[in-house]
Amino acid sequence: MALPRPSEAVPQDKVCYPPESSPQNLAAYYTPFPSYGHYRNSLATVEEDFQPFRQLEAAASAAPAMPPFPFRMAPPLLSPGLGLQREPLYDLPWYSKLPPWYPIPHVPREVPPFLSSSHEYAGASSEDLGHQIIGGDNESGPCCGPDTLIPPPPADASLLPEGLRTSQLLPCSPSKQSEDGPKPSNQEGKSPARFQFTEEDLHFVLYGVTPSLEHPASLHHAISGLLVPPDSSGSDSLPQTLDKDSLQLPEGLCLMQTVFGEVPHFGVFCSSFIAKGVRFGPFQGKVVNASEVKTYGDNSVMWEIFEDGHLSHFIDGKGGTGNWMSYVNCARFPKEQNLVAVQCQGHIFYESCKEIHQNQELLVWYGDCYEKFLDIPVSLQVTEPGKQPSGPSEESAEGYRCERCGKVFTYKYYRDKHLKYTPCVDKGDRKFPCSLCKRSFEKRDRLRIHILHVHEKHRPHKCSTCGKCFSQSSSLNKHMRVHSGDRPYQCVYCTKRFTASSILRTHIRQHSGEKPFKCKYCGKSFASHAAHDSHVRRSHKEDDGCSCSICGKIFSDQETFYSHMKFHEDY
């Protein structure tokens, strides 16, 4: 097919621009590029056809220097790796007329006031914008051809807000920038053109939103705390247990140090846009059996794994056993949550429940469908007005009730312990009951150990310092902390430390005011079992009806009395 000469008019599709699609109402305004068949035909002509271009070059050289274009900013463009958001711009009639390689502008949900009120930006032509920002054959950089999209601005420290500029950034891959910083592309020593950007403009260029006091949700900051600036020594102040190689941070995520109160910790932040529905994982860590979990231990980075609706085991990401997912902090309330914990085939995954923008922290919590399944306390659930909160039916106004015997416990921990070691849950699997008390066991050897240690007072483990004996080696190890001074259990409310978790548990009740042990005679409550028993022995000795009619001994509780009576029955 013969190509027309440059002087001939080339038929093109007529483009109709609606009156509401003016540059003042759109964040990005471009006119379609003409067909490049003219330029291909011009290059095939003789030398005389270039005379008009040489005259134009001479006129441009004689003209005075053109000052920098007085625009404030250019609208950001989507990079090829990001998903396109459907905006009202794409519904315009002229959008379908654009060539397939045309760079698609990103239109924010609302146009900032500084764009709609700027006459310089509204009057700028598309060719000027393309020459100043997009490129072209000039000194500012290489030209971006039709088959390439404009890359997003680099996450350089000089472009970040002041709060994030002083933070400690751990990228997932080594930086490709030179240590000396960016160098001007002009080889003649001329400084490149500089533009004055306000903080409002900078947020719009980098994130596509404008921070304002009316919309605090659009601000990007460390939600779980304040960003910690690096120390004067220049070190990154990383803990000894943090192994950068084992973190395996995905592309687009980074690790920053934040502080909440006076306690510094780490958080995972987003360095590039993350769409809704992206899944990370699985969560890695040490497999811990349910019987090995300490009730008042550090279980902050531990997830429950369920099989057939029952708790199977835990995955503990504490220390160096976990990957980067163990540094994702929990959300304080549902509105700041952007990740949902999902269990799939015995593994825990984090899935984004909303769009996560650059420099936002990743915050995880359970999904709505997992609250009841994973036994989250009712106080953490959000109940809509007019609806009753969903909670465990076994919890009454008094506490947690045993369905077999009717006993009520103040805490679920004690009710579960009661169900574990009493015949109330005997479904045929506990075939070995103790003849001296009411406890029953699944295996014969467990019953033998129980009788040996509890009833016969067998204490084979002796302390070499004080001579005290214990039935189990673990009890001896806990006792040795008294002599060595080791106190590994610290109170979270004060600075006191203790040798055993049971002592810490009793101490914490002084701060919380909890008194789970209630006297059945007078109704007085106590924080520890020892204080309760001491009160019964001192105040209700005469009122206690649990007295042995054979030897005259008096017992404070019925279980001890029944165990004592077994000895008289056997003899």
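Backbone N, Cα and C atoms are what each Cβ position is placed from, and that goes for glycine too.
Note on S22, S79: Swiss-Prot annotates phosphoserine at S79; no matching annotation appears for the rest, which is not proof of its absence. Range with Swiss-Prot annotation zinc finger, chosen from 133-156, 277-300, 301-324, 517-540, is 517-540. Range 489-511 is the one annotated as zinc finger, of 328-350, 351-373, 489-511 (source: Swiss-Prot). When pLDDT is averaged over the zinc finger (432-455), the result is 78.
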